[in-house]
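Please read the structure below before turning to the comments.
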Amino acid sequence: MTITELQEKYKKTEPVTNLTDDQLKEEILRLKKEKNAVILAHYYQEWKIQEIADYVGDSLGLSQQAAKTEADVIVFAGVHFMAETAKILSPQKKVLLPDLDAGCSLADSCPADAFQKFKDAHPGHVVVSYVNCTAEIKALSDIICTSSNAKKIIDSIPQETPIIFAPDVNLGRYLKKVTGRDLVLWDGACIVHDSFSLDKIKSLQEQHPQAKILAHPECSHAILEIADYVDSTAKMLDYSQKDATSTYIVVTEEGILHQMRKASPEKLFLPAPLVTYTECACGECPYMRLNTLEKLYLCLLREEPAIDLDEDLRLKALAPIQRMLELS
Ligand code: SF4
């Protein structure tokens, strides 16, 4: 399925309550207090959800928050593998995901049975998996990483040890370049980051010659080659605040622009166009955008959908995540 077809399939659903956004916010805050809940939101969520969250961050920050929160309920405004990671880290807590269909094309690109065969074909390799994968893949891994700490994690592995990196091939190629290691790569990709258009980004830069290009390492090699700065969303946000440039072309999911504009209102942030660009850039992840303020309210009210995990699988998936958190 193309990104346009996915965006069409998952386009906003009709509201099922008569509540306005202000009423939804009021109810969410009331329920949150009543149930001792915390709302963790990814930078790729719509701005209304980011504004009501207790913590907004990237995968590393969200995992750290999930591991240390004292709340009884975690509402995870993100996609399934993120809520699953929170459940792996906090099994005693109820972890809610506003829409269970909020999956991830990257996680889907690495099925466990095929990955087991790939692993068997490369004996003696340490398996480093990007956090954007299922609990089954985590359980088959030695250590997990995020885009914030991937280089550090790979650098921590002895030089003579061969490494498999999964599931994102673009991030893997980028890591080969920055670590100088010969990684064996699984061929998976994110449909959003893989759909940004090199030509359209170049023509946008021609219209804004002073603009710097900030890109996420899940983007294709050709885009990373022309980027002025490549790193995780959290580090892109930090860079945009400290750097003296006034205009940026941001090559990642559009949700991060909300935090960038909030932190640096005097600067211009332009979303990078996708290959399917027509009237708007539309660099929105169709899965992330399944979550809405209304679904967040309903899941907190009903305490469902909740993430459930087999304990044996949870324990196997926990060990490589803990290794990452210790190194971070
Ligand atoms: S942006 Fe890509 S990697 Fe992130 S949740 Fe969406 S499909 Fe998955």
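Each Cβ is built from the backbone N, Cα and C atoms, and glycine gets one as well.
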Recorded iminosuccinate site member, picked from SER147, SER197, SER203, SER246, that accompanies HIS42, SER59, TYR130, VAL131, ASN132, HIS216, PRO217, GLU218, THR233 in TrEMBL: SER147
Filtered binding-site residues, from ASN132, CYS190, HIS216, whose Cβ is under 6 Å from an atom of ligand 1: ASN132, CYS190
Subset of binding-site residues (HIS42, TYR130, HIS216, GLU218) lying within 10 A of CYS104 ([4Fe-4S] cluster binding site), CA to CA, in sequence order: none
Rounded to the nearest Å - Cα separation of HIS42 (iminosuccinate binding site) and CYS285 ([4Fe-4S] cluster binding site): 12
Spatial separation of CYS190 ([4Fe-4S] cluster binding site) from TYR130 (iminosuccinate binding site) - C-alpha basis, Å: 12
